[in-house]
Amino acid sequence: MANSILLFSFVLVLPFVCSVQFNISRFGSDVSEIAYQGDARANGAVELTNIDYTCRAGWATYGKQVPLWNPGTSKPSDFSTRFSFRIDTRNVGYGNYGHGFAFFLAPARIQLPPNSAGGFLGLFNGTNNQSSAFPLVYVEFDTFTNPEWDPLDVKSHVGINNNSLVSSNYTSWNATSHNQDIGRVLIFYDSARRNLSVSWTYDLTSDPLENSSLSYIIDLSKVLPSEVTIGFSATSGGVTEGNRLLSWEFSSSLELIDIKKSQNDKKGMIIGISVSGFVLLTFFITSLIVFLKRKQQKKKAEETENLTSINEDLERGAGPRKFTYKDLASAANNFADDRKLGEGGFGAVYRGYLNSLDMMVAIKKFAGGSKQGKREFVTEVKIISSLRHRNLVQLIGWCHEKDEFLMIYEFMPNGSLDAHLFGKKPHLAWHVRCKITLGLASALLYLHEEWEQCVVHRDIKASNVMLDSNFNAKLGDFGLARLMDHELGPQTTGLAGTFGYMAPEYISTGRASKESDVYSFGVVTLEIVTGRKSVDRRQGRVEPVTNLVEKMWDLYGKGEVITAIDEKLRIGGFDEKQAECLMIVGLWCAHPDVNTRPSIKQAIQVLNLEAPVPHLPTKMPVATYHVSSSNTTSVSSGGATVTFSSAQHGR
């Protein structure tokens, strides 16, 4: 019983100390983070409006205020939110339905306005009419045309609205054709580009002729307060409609500021006073733990079967060999701290010496119990075990015993590229930087065009470029890589990678491609020449005070691109014409418009002086992206795996 009380207390405290990141796949009575107003109710999903009644409004909001921008620097936060929904338009047979729902950001502690049903979407009313009484930005899925403020050229629409019922940007959308289908939405705010984008798709009824993305340039730090409430609002008017929120995921790059909603306080009082209620809740939690544990055991058994199959395939192959955990622990002195080369999100890398091979190796040890780590282990072993190229880190062996997952690579005595560019290791001479750039490009050419399948790496960055004893570049870390057919276009993989290196269309659509890898290569090339990071990381927060691509493009427009050369190179000397060529190729590869980016082969031709240096626009273009789900084949699913650019070695 004491353990149950401790567990229950931990469950109560946990939401108030975590960062701004949550993932709710089911809305039940045990989900305390969500506050409901108006007609909104939770019964597994959130019923924002009841289809059996007219003139209704409902809110479901996150119960803590979310920091949107830093008051000290006025720099906004990147954020992304994913959610799934279902709209019931069954009453279309009676003439119409309405009015839709919206995801909104508004000041903290606001309440559902009175008399805000119908076309007001629960955000406005007759007194404030088309302008909100409080700062407000929202994305609306509007199913009913109100001629006073809605666009007249479409029946229903998806819009991005800035403090007004009139959409700042919109596109047509037909809710009838998607009746009862599950819609899945991604909303992303790129604070560096001030770009708020939304894209959506449907499980069964996606239409290739229908627009499915939208974006709007807005500086949220100029519109909204530093701390906001986020949530959903839906209404019905004289006609009815069912709006259900099925799941919700949110992630932000600023830390959470804790506030306690009054209704949470009341719940705490009730729990504290009612012993019987506490016992019931304890019983419920215990039952839930037992249920989840059994479910986890079943899933683990399936994973074990899958891993066993993979182990057998690897053991039959002629590639990397299998090692015992005992041998690897001995090689790395039981994985002592003084053997640690670097640490990332899913484990650490250690230096070791294998007596059986008489050689130094790097041992990547995945964190125990990490599901993502297991997936990365499987992905990396399956892909890299078949690859052979002088500019790829060579996989020597692997180990899977119980819950331990390890990979053994050739040892890179000169460490990672980022340690030389941004860390304390000796700086790199100009001819070495040129060799590294061409080596990385050669590795990418092999992955994209020369191997039997196209490999999209998805996490090309300076910390994943290793340097051997002769400072040859070796691309590593294939845990996020995906295999694709050469003839297919961008594939839906889910957002993964590192902010600062991810292409804008990849952030907006979640579709990885050879072009998104080329963008990352362009950013790394600019880092190599300038010695500057793609984004700055200060006090644990990502603050793109100077976005490298934007700054370099500005200098290019002024004809001053060469002034950005790494100051360390001015001591040992460099080829100015060659440096300018590398910078322009870097910008070309990091072009915001995916259709204007070169292939890696074209970039290599310019770097080798086999083709002329391209002429780029003097001002950095702003591209928008159309998301169509009809022409792609999904190769992966699941949540986002995103890290932030830093000076750490590896992921």
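Positions of Cβ are set from backbone N, Cα and C atoms, glycine also.
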Would you mind telling me which one of N125, N306 Swiss-Prot calls N-linked glycosylation site? N125
Swiss-Prot annotation N-linked glycosylation site: which of N174, N631 has it? N174
Where Swiss-Prot places N-linked glycosylation site when the choices are N23, N414: N23
If you average per-residue pLDDT over the topological domain 'Cytoplasmic' (291-651), what number do you get? 80
Measure the Cβ-based neighbour count of D459 (active site, proton acceptor), defined as the other Cβ atoms within 10 Å of its Cβ. 25
